[in-house]
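I have placed the structure first, in the form of structure tokens, so that the comments after it can refer back to it.
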Amino acid sequence: MSRSAHPAGPRHADVLTEGHYSAPAADLNVLDEKVWARTVTRDADGALTVGGIAVARLAEEFGTPAYFLDESDFRARCRAWAEAFGPDADVFYAGKAFLSRAVVRWLKEEGLNLDVCSGGELTTALDAGMPAERIAFHGNNKTVAEIERAVEAGVGRIVLDSFQEIVRVAHIAQRHGVRQRVQIRVTVGVEAHTHEFIATAHEDQKFGIALADGQAAEAVRRALSLDGLDLVGIHSHIGSQIFDMAGFEVSARRVVQLLTEVRDEHGIELPEIDLGGGLGIAYTSEDDPREPHEIAKALSDIVTRECEAAKLRTPRISVEPGRAIVGPTAFTLYEVGTIKPLEGLRTYVSVDGGMSDNIRTALYDAEYSVALVSRTSDAEPMLVRVVGKHCESGDIVVKDAFLPADLAPGDLIAVPATGAYCRSMASNYNHALRPPVVAVRDGEARVIVRRETEEDLLRLDVG
Ligand code: LLP
């Protein structure tokens, strides 16, 4: 069925493709550590705890829906990435996954750099004290005002995304009397998705400058000719939620090939390459993500091998994981409001949030898992669809999942792995109030992004 058609009728919700689900887990009370933040466990009463605090207390103090973020897990993942890549490489956390001032401070303390892609993200980063030289500025259509601000602040690199931008950034840098460090983002003709990648000659997308037809080589020529720019490297980002390293391998090979051409034409060995982000995480028990040290080794082996073959000095590698750092560290806590068994169709479990706090299921057909977390249950598994409270039948949080058949209104259920691209893509649809993000660590919980209020809504509406 076409996703652009919204036929009315009893199966209206099937505008989404049918989900797939495996048999229920042997014991629905077991929390698979693959998908839950590291300090999540069940206490003696059977309630989920995170950072040592039980969900009932969290719900009482902070309300639902809310995102609970395991700060020690976040910090541990930052350290794992930094250690895996070592002192000769750089890890830039991709702020688009989730950014707040507290997150910026954690990144700073754990030695990570930060990739921002808008004036708003740049402001958050600078306001929370991230040194400008540790910030990379991305985007396929940065405004003049954004570029001015980035140059004035002295960001460590601007990633150039188009021919127009090469000139734009050069002019602005010159006007400020500086040489701006830049990389050029190229499209390598590789598109990677979860378990596969597709290599195509030309990529039909808005980002970067194609390697094909000598476009990227021409961009390098222009960047090198402009006084305002200090071209330090080439950037490539091939996709999201990737498990298969083969796409990165092709990407690295093609970027090194460009470095070789640049050396041969200009006698310059560009010192940096950035291989982007996109490393996958486990949303359900079926996903098998790679560990940072495996990823670091695979990328560094590929680049070293290709550079040795081309007799190039090995450039400094950087990467930009967003989801892989923050995704697994948070879960969304909801309260069950209604349960509607539709004879012969399915059972709908409605929660107090929905597509305004997690648009990914509706937008990407994303898979999630869910668990009853305020208590354990020995009841039979019941196949359900978890939906939100919005006026839209595509308002689905978890397409197909098993919850205990004694589930009742008032129970708390939680969706794990919602740290990335949930709060950052949240909306006010139906004038929903975007939920808070609460950081939990060592028995303490504190709000790092507060819940929106109706006053917030009215403040923007100037009447
Ligand atoms: N670097 C660049 C240049 C990017 O465009 C992105 C993501 C990243 C790094 C970080 O990718 P990550 O490691 O987080 O996968 N909203 C979508 C994902 C869009 C990602 C866009 N760019 C989602 O919810 O899955």
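Indices start at 1 and increase along the chain as displayed.
Quick reminder: no glycine exception, Cβ is built from N, Cα and C everywhere.
Whatever TrEMBL says is automated annotation, not expert-curated.
What you are looking at is a predicted structure, and each value in this text was computed from that prediction instead of being measured.
Residues annotated as domain 'Orn/DAP/Arg decarboxylase 2 N-terminal' in TrEMBL: 73-327.
Within the same chain, residues at least six positions away from Lys96 (N6-(pyridoxal phosphate)lysine) with a Cβ under 8 Å of its Cβ are Asp115, Cys117, Glu121, Gly322, Tyr421, Ser424. In the three-state DSSP assignment, the secondary structure recorded for Lys96 (N6-(pyridoxal phosphate)lysine) is coil. The N6-(pyridoxal phosphate)lysine annotation in TrEMBL covers Lys96.
Under the heading pyridoxal 5'-phosphate binding site, TrEMBL lists Gly278, Glu320, Pro321, Gly322, Arg323, Tyr421. When Cβ atoms from all protein chains are considered, those within 10 Å of Pro321 (pyridoxal 5'-phosphate binding site) total 26, not counting its own.
The substrate binding site feature in TrEMBL is assigned to Arg323, Arg360, Tyr364, Glu392, Tyr421. For Glu392 (substrate binding site), the same-chain residues 6+ apart in sequence whose C-beta sits under 8 angstroms from its C-beta are Met355, Tyr429.
The domain 'Orn/DAP/Arg decarboxylase 2 C-terminal' annotation in TrEMBL covers 333-419. Sorting the domain 'Orn/DAP/Arg decarboxylase 2 C-terminal' (333-419) by DSSP state (H, G, I as helix; E, B as strand; all else coil) yields 5 helix, 37 strand, 45 coil.
Taking Cβ-Cβ distances under 8 Å and a sequence separation of 6 or more, the neighbours of Cys391 (active site, proton donor) in its chain are Asn430. According to TrEMBL, the feature active site, proton donor maps to Cys391.
A Cα-Cα distance of 21 Å separates Glu320 (pyridoxal 5'-phosphate binding site) from Arg360 (substrate binding site). The number of other CB atoms found within 10 A of the CB of Arg360 (substrate binding site), across every protein chain shown, is 18. Comparing the binding-site residues Tyr364, Tyr421 on other C-beta atoms within 10 angstroms of each C-beta gives the minimum for Tyr364. When the Cα atoms are compared, Gly278 (pyridoxal 5'-phosphate binding site) and Arg360 (substrate binding site) turn out to be 16 Å apart. According to its DSSP assignment, Arg323 (pyridoxal 5'-phosphate binding site) is helical. Same-chain neighbours of the pyridoxal 5'-phosphate site beyond Gly278, Glu320, Pro321, Gly322, Arg323, Tyr421, judged by a C-beta within 8 angstroms of the site's C-beta center, are, in sequence order, Ala94, Lys96, Ala97, Ser240, Gly277, Leu279, Ala324, Ile325, Gly327, Ala420.
Residue pair Tyr364 (substrate binding site) / Arg323 (pyridoxal 5'-phosphate binding site) shows a Cα separation of 15 Å.
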